[in-house]
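J.: Among the features that TrEMBL reports, domain 'Major facilitator superfamily (MFS) profile' is placed at 10-382. Taken from TrEMBL, the feature transmembrane segment covers 12-34, 46-65, 77-99, 163-187, 207-224, 236-256, 268-288, 294-316, 336-356, 362-380.
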Amino acid sequence: MDSNPLKKSVLLVVIVAIFADMLMYGIIVPFLPLHAESLGASQSEIGLLFASYAIALFIATPFVGALADRLGRKKMLVAGLIVLSATTLVYAFSSSFWVLVLARAMQGVAAAAPWTAGLSLLAEVFPANERGRAMGIAMSGQAGGILLGPPAGGWLYEWGGYRLPFLIAAGIALLAATISVVLLRHLNDTKADKFISPFRLLRSKRVIVIAGVATVGAALFASIEPTLPIHFNEDLHLSPSMIGLMFVVVTLIYGAAAPWIGSLSTRLGHLATIRMGIVMAAVALPLNALPTQIWVQIIGLIGLGISLGLVLTPALPKLADISQEIGVSSQGATFAAYNTAYSLGMMLGPLLASALTDRFGLTAAYTTLSVLFLIYLLPLRKLKA
């Protein structure tokens, strides 16, 4: 990757924007369910509270992608970060459960900006031979936010009360918006030649297949969030704080491996790397339901972290490559399609894993999901490398 200062600025801005979004995504995990319960919410309503992020992201992504193409990606990225800061403040001063749901949904709407406009900027300024590594580095912002969010939220909540985590997160989002304005001030905010709906883009079978990779990767991670903690508690007898640290293993490995995997996929080929990741995920996921010793469990979680990187990191540049090959200039629509698929996985993963676990047990549930992941290798075989 060359030393072009504009490229470095765009990459830094996207990393910071994604980090701010994922920090806010994870910072609420240790304490918001307890706060919602104190407001009289049932367990199913708390589930709706957490699902509203993915639902809103799924709905908003196509529209945000269209606006990014029409108004400019730089403007949309900054606007999204400002909205994220504002919705975070709504959390802090809300005394109503349904206002919390609204804030969580608006957070999902705001998240569409860094994941659509931000990644479109990367695809715009980095050529194909550098795009894989650039997007791999950008994904370290995602892992960093997920990694730091839960422990930071728990510590800030215990130290300063309910509002402090949100006030800090809102300030970080506003700082990210300011950094974006400053670093991108010399970037021409290009627009697509014409508006292309991401749903129109999904008429391409190649786009559908690669967007489906995002669904697989998102479902893989989202499936363990509601199910593994019970296994950790009942079989390994871990406390909530230790359970949080176990989840850190996955995101830490994912974040550390993402830049390396980006370079690997450029050399080895994006599709080959994705296939390798799906096979590894299919092996690692059921193993995580079996261990009765912490060190064995950690090995399984490391496998999940690496497989997540192998699946998700190459999918972004591969989608950008296909977009160019089929003559689509709308990077906003391209990444809107990707993020729509990703948010679909965020919804399906917990639903499938929880339903299968209730009926058949954790090992059978994870094995079933692994078989579904392996089946997805069939459409991938038909794509050209």
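Even glycines carry a Cβ here, placed using N, Cα and C.
Fair warning: this is a prediction, and the values are worked out from it, not measured in the lab.
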J.: Quick test of the contact rule: Cβ under 8 Å, at least six residues beyond the ends. What residues does that give for the transmembrane segment (77-99)?
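T.: Answer is 13, 17, 20-21, 24, 28, 32, 36, 39-41, 45, 49, 64, 68, 106-107, 109-114, 117-118, 121, 162-163, 166-167, 169-171, 173-174, 176-177, 180-181, 184.
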J.: Ranking 12-34, 268-288, 336-356 by the number of C-beta pairs under 8 Å to the transmembrane segment (207-224), which range is first?
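T.: Stretch with maximum Cβ contacts: 336-356.
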J.: Going along the chain, which residues at least six beyond the ends of the transmembrane segment (336-356) come within the CB cut-off of under 8 Å?
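T.: 51, 53-55, 57-58, 61-62, 64-66, 68, 108, 112, 115-116, 119, 198-199, 201-202, 207, 210-227, 315-316, 319, 364-366, 368-369.
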J.: Verify whether three or more Cβ pairs under 8 angstroms connect the transmembrane segment (362-380) with the transmembrane segment (268-288), leaving out any pair fewer than 6 apart in sequence.
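T.: Yes; at least 3 Cβ pairs under 8 Å.
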J.: Excluding the flanking five residues on each side, which residues at least 6 beyond the ends of the transmembrane segment (236-256) place their CB within less than 8 Å of a CB in that stretch?
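T.: Same-chain contacts beyond the ends: 29-30, 139-140, 142-144, 146-147, 150-151, 154, 221, 224-225, 228-229, 291-294, 297-298, 301-302, 304-306, 308-309.
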J.: With pairs closer than 6 in sequence left out, are the transmembrane segment (362-380) and the transmembrane segment (12-34) joined by 3 or more CB pairs under 8 Å?
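T.: With fewer than 3 qualifying Cβ pairs, these stretches do not touch.
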J.: Residues sitting near the transmembrane segment (163-187): Cβ under 8 Å, six or more positions beyond its termini, same chain?
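T.: Beyond its ends, the transmembrane segment (163-187) has Cβ neighbours at 6, 9-10, 12-13, 16-17, 19-21, 23-24, 27-28, 31, 74, 77-78, 81-82, 84-86, 88-89, 91-93, 121, 125, 152-153, 156-157.
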J.: Counting only residues 6+ away from its ends, which parts of the chain sit with a Cβ under 8 Å from the transmembrane segment (294-316)?
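T.: Counting only partners 6 or more residues beyond its ends, the transmembrane segment (294-316) has Cβ contacts under 8 Å with 119, 131-132, 135-136, 139, 210, 213-214, 216-218, 220-221, 224, 232, 236, 238, 246, 249-254, 257-258, 261-262, 265, 270-271, 273-274, 276-278, 280-281, 283-285, 287-288, 335, 338.
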